[in-house]
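*Asks:* Below you will find the structure I want to go over with you.
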Amino acid sequence: MRIAILGRPNVGKSSLFNRLCKRSLAIVNSQEGTTRDRLYGEIRAWDSIIHVIDTGGVDQESTDRFQKQIHQQALAAAEEASVLLLVVDIRCGITKQDEELAKRLLPLKKPLILVMNKADSQQDLQRIHEFYGLGISDMIATSASHDKHIDLLLERIRQIAQIPVPSVEEQDAVQEDELPSEEAAISLHAFADETLFENESLSQEEASFLEELVAQTATPAPVDRPLKVALIGHPNVGKSSIINALLKEERCITDNSPGTTRDNIDVAYTHNNKEYVFIDTAGLRKTKSIKNSVEWMSSSRTEKAISRTDICLLVIDATQQLSYQDKRILSMIARYKKPHVILVNKWDLMFGVRMEHYVQDLRKMDPYIGQARILCISAKQRRNLLQIFSAIDDVYTIATTKLSTSLVNKVLASAMQRHHPQVINGKRLRIYYAIHKTTTPFTFLLFINSNSLLTKPYELYLKNTLKAAFNLYRVPFDLEYKAKPARKSN
């Protein structure tokens, strides 16, 4: 079931949206027009998921150049949803915009709840009778900012959706012993086998205990959920246009003015029976270019989108040089260890330029580009758009492939035979054991004799060896080390 939240500007729609979804997804600000696109979230309750759509404030008398598109987005959300919430400001009484919206929504013959928001005091509640004139029988007074009567609204939504309240089941009296955490068990892998350390051994009791812990550690099953893909880039490079072109509909408001997108907009899409969630982000600006609190929050949300996405699509403008902001975004993607693809948009404007030469030159401009997958596309002409899906799938498949422990150890053993570590103070680095610890982020854990014997050049050699062996040129990864604990003297 889908619920659309509609209303004129600044009545608290985004605050209500955040309260229902129990997380701050929409930017909340007293400035009118903060929300422009449709923003999607979820209510997770009663063992069910209800999708919620936040829309921009509708005001046909506004001179805002985006208002026509905001109006179209709101009406599209109303058509898409099965339940409608018309939000009004109880303190203002009925306005002309409220009346116009009610007249638009009532003929849709869908369940319609009038949410009289900002009912912060008992005095506000005394104005409920004023709203009978809108002709909406289902009315609930709320205060989203103070979390008042949100439970009543949720209960009404549950009733309309005909979701049964889950029965309380008796808890099993027998509780299973808690297994060791994956991190704790992983750290013991190198010590579970007596043969790992030459001339050193564990007691039989210690070895049996550690082997049991290691046996209980299983590779977690892959998460069965849509793949999250964030489009990142500085303002006005065409991120929203790319999403609209992929979906073949105007899901995101576009304009030549930088900063059109403010919220992070999650857009679900299915391609070849595979589910994706594209996250359209606000463009990252230079700090001195951020003029107000809304733009600051938009830039902050962009970084949060990078942190929560599975893969990043960095969008750059083919007609412009790689900018400081592009390089800043690349370093941010690298810091979060996110697999990524670079989309060079507006290729339709590049005349007389050979694509392979452009790509070669682009790789030389920043070390973080390296061997990243680069696609030259045109959202305007829909050129090479389908290649985006194959690029996403190829890179993400490599980034989430769990490597076998035996194969990782064979690769490292061969590397050490080809190129021995240097001797430091009469000792040489030894790698006893290695595992592929995690895929997100992609991390190897190496058990060694001493951190002091690992030099930076040799670490780079090991990293390049693993990169070549497992085709990790397009996947950022880390090496972690765990040194053998010092033996206790009797």
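Our numbering is plain: 1 for the first residue shown, then up by one each step along the chain.
Placement of Cβ uses the backbone N, Cα and C atoms for every residue, glycine included.
Swiss-Prot feature annotations, pasted as is:
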type	residues	note
BINDING	7-14, 54-58, 117-120	GTP 1 binding site
BINDING	233-240, 280-284, 345-348	GTP 2 binding site
DOMAIN	1-165	domain 'EngA-type G 1'
DOMAIN	227-400	domain 'EngA-type G 2'
DOMAIN	401-485	domain 'KH-like'
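So where do these features actually land, and what's packed around them?
*Replies:* Counting only same-chain residues six or more apart in sequence, the Cβ atoms lying under 8 angstroms from the Cβ of ALA119 (GTP 1 binding site) belong to ILE90, LEU125, ALA141, THR142, SER143, LYS148, HIS149.
For the recorded site, LYS239 (GTP 2 binding site), the DSSP three-state label reads helix. The number of other Cβ atoms within 10 Å of the Cβ belonging to LYS239 (GTP 2 binding site), over all protein chains shown, comes to 31.
In terms of DSSP secondary structure, the domain 'KH-like' (401-485) contains 31 helix, 27 strand, 27 coil.
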*Asks:* Return one of helix, strand or coil for LYS13 (GTP 1 binding site), based on DSSP.
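*Replies:* The three-state answer is helix.
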*Asks:* Taking only the Cα atoms, work out how far GLY233 (GTP 2 binding site) lies from LYS13 (GTP 1 binding site), in Å, as a whole number.
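*Replies:* Each residue's Cα considered, GLY233 (GTP 2 binding site) and LYS13 (GTP 1 binding site) end up 28 Å apart.
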*Asks:* According to DSSP, does TRP347 (GTP 2 binding site) sit in a helix, a strand, or coil?
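*Replies:* In three-state terms, TRP347 (GTP 2 binding site) counts as helix.
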*Asks:* Specify the count of other C-beta atoms within 10 Å of the C-beta of TRP347 (GTP 2 binding site).
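*Replies:* Total other Cβ atoms inside 10 Å, all chains included: 21.
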*Asks:* Test of understanding: give the count of other CB atoms lying within 10 angstroms of the CB of THR281 (GTP 2 binding site).
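*Replies:* Its Cβ has 27 other Cβ atoms within 10 Å.
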*Asks:* In angstrom units, rounded to an integer, how far apart are the Cα atoms of GLY7 (GTP 1 binding site) and TRP347 (GTP 2 binding site)?
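*Replies:* Here the two Cα atoms are 39 Å apart.
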